[in-house]
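Visitor: Okay, these came from TrEMBL:
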DOMAIN    385-591  domain 'FtsK'
BINDING   406, 407, 408, 409, 410, 411, 412, 413  ATP binding site
Ligand SMILES: Nc1ncnc2c1ncn2[C@@H]1O[C@H](COP(=O)(O)OP(=O)(O)OP(=O)(O)O)[C@@H](O)[C@H]1O
């Protein structure tokens, strides 16, 4: 790759200079060849015309001779006649190969042999009486104005031509749009294809609004082709095709039935604009002109018709300039048409999707991780043969952020992965940090982080939200907002620079940040405080992020109908000049690009995109084929980059909506402290767990309340293990299992005991219900004797212990009384309880109203009234999986935490190694 002075990749990065000159020469030769072919075709057509005229003339002479009872037709005439017919036929076949020239009742329409032979420039209009086919030029002209003494015959000709063209063209090389305002249903003949491949023959439109959409899409297509042709020096669309080999850009045929019926001023304006240059842009109009229809006031039908070649049908004879009238063909049989449509659809099915390998868009390894100058840029695919660049920069021109949209399954995930990995290969973790959040299970971001069977990750990633929830999204936005403030201080301390590009590279220059928010609209969807704050922060981020080197990629499947966006749209999207739209509906195309820009609805293949660096202005559309990133290729790239980063590869903060936190991940980043056991992770961009104060004084301990043995065991594991690892002297643990050794948690319990023992702790387990009461009394007595210091009672499911409130045999009190005393008076003696009950009221029954004065409550899935009884009437608690609400009585607000999962057996070794440090 060559580098621009500013460090970004340049368009020619894949081609040495000499190959550019070579390409120029090839282009010139192609152009000349195209002209030769065109001339040859014109000559052939001249010959065809002459042969047909001659044939017709000779036929007439023969007929006259017969009428005049001259028994002998001149021998020369007879010979000429027999020669003219095959010649005209041969030339017709040459001009209109395959099905373009075959009559409707010919057996070849029932075979699949000729389907998809090639886009024909000429088509059959009918035949002479003797069966000589008559063909006329169509696709490279602006089109035809077809009139008929009966509307029916004109419509029929257009219908037949539509079928011929679609059947003759290779898959995806031609598309036919039809406007049928009188609902004649003529296009129903191709209905089989419309159902299966609407991108080849969309359903006919009937209203002016529908036609506007089609035409405005075509205006985009035409303007894009015009600028590509000008850029590459091609007069005609077919030359452009030859050079670029763009299978994704089809010839466009537009059929208007009963013109000018149903045409309004707006449609007429676009029709005139398009028809004037149609032939050169690969667009072709087939207009059935119904002279008996009055045009709308401002529509001058002549203006359009004058741009087209006249074709008239009189008495079932088709008249084309320079040719004798040909007999109109009979209509196609519906079953023949249906059969052909099925074959076309089959061919479309197996047509090879054009693909560009991701590796082709990567620069040479020697140039990876070059220092950032004033932009970070990557190649996302190709625009014809030119690499399509996305350059994120703060100024000159300002291109800070990207909006990506496209319908389901059109390649959005792939595009985001191509962008992320393309940047990761080009810029080092010291220069580029990434925050990747997915709000709708869309992109497979999880593969980008470390995994159980994969030590590596993409080293630039700081935060990875796999199935993030809105709360985490908000936390990330808050974090980034703080980061902006931090950067502003750095800028001030460097002489008030206004732009990151002005900071010299060095330890003080912060890295660029890439924030990818997939399905970002989820954040803003609900009408709540969170959405309000998120919208404000996002607005701030895109507004200020530009100068501070924070680049945001907003991706979505649909933004129509997202309520909150309607008011925020301009303030957010007004800061986002880059638009990338994959194939989508006209409405979403306009939502992503700009009102009036429906180019993304014209795309045919997944992976195709409209790239626009000017707020979606139609003149700046670039038609791009996004490169395709194979999963294995990306994984080996990540491994390579991770290895390259070495010790600098700090693991990302990974956040899963549907998963608990992992104790080993936290222990990798943080060491437990004395008296501050961990309850779980906060919903925030930090690896610091949420710790609670547990000192040997009254009120210490943790009451875990709510359903779910697995979650409860996870919480107790987090508390116990961090207590053990943070202690000066290894404490003792008494594990009381009120669930009667529930098998579902057997592994987690066993693992907890093993880890505690490996950490040097003495662990006693009380598994049987019958043993629990005596053990509680005994522990209480030890405490009374002042010998229980440094002991932790882990009560796993006290609600499951039978007869807790019944006086035990030989005692004047119940086990609950003993437990109450332990919980209440234990802490002052160094005996602390971490206990789990399924409900607050069960806990209260056992421990009494004051619940042993313990302040810290952690709610799992628990009815809201219980939560409010403890944490106040304003608290809302939705009881989601893998979420807990922590109330410590100290902070004014309860805090949501993600509890740890219980440890798996295969984690013991690693957990011990990490916690023992
Ligand atoms: N640029 C491309 N070139 C070739 N094939 C592609 C390209 N992009 C996507 N595809 C194909 O399309 C499929 C869908 O792509 P992808 O998962 O990226 O779409 P998506 O829009 O994110 O889908 P969803 O909306 O379901 O998440 C991929 O499995 C891949 O085979």
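Note that Cβ sites are derived from N, Cα and C of the backbone, with glycine treated the same way.
Describe each of these features in terms of where it is and what it packs against.
Guide: Looking at the domain 'FtsK' (385-591) alone, the prediction's average pLDDT is 90.
Here the Cβ of residue 410 (ATP binding site) has 23 other Cβ atoms within 10 Å, regardless of which shown protein chain they belong to. In the three-state DSSP reading, residue 410 (ATP binding site) counts as coil.
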Visitor: For each of 406, 409, 411, count the other CB atoms within 10 A of its CB; which of these binding-site residues has the top count?
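Guide: Going through 406, 409, 411 one by one, the largest Cβ count within 10 Å is at 406.
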Visitor: Please work out which residue of 407, 408 has the most C-beta neighbours within 10 angstroms of its C-beta, and give that one of the binding-site residues.
Guide: 407
Visitor: Show, in sequence order, which residues other than 406, 407, 408, 409, 410, 411, 412, 413 on the same chain lie with their Cβ within 8 Å of the centre of the Cβ atoms of the ATP site.
Guide: 557, 582, 583, 606
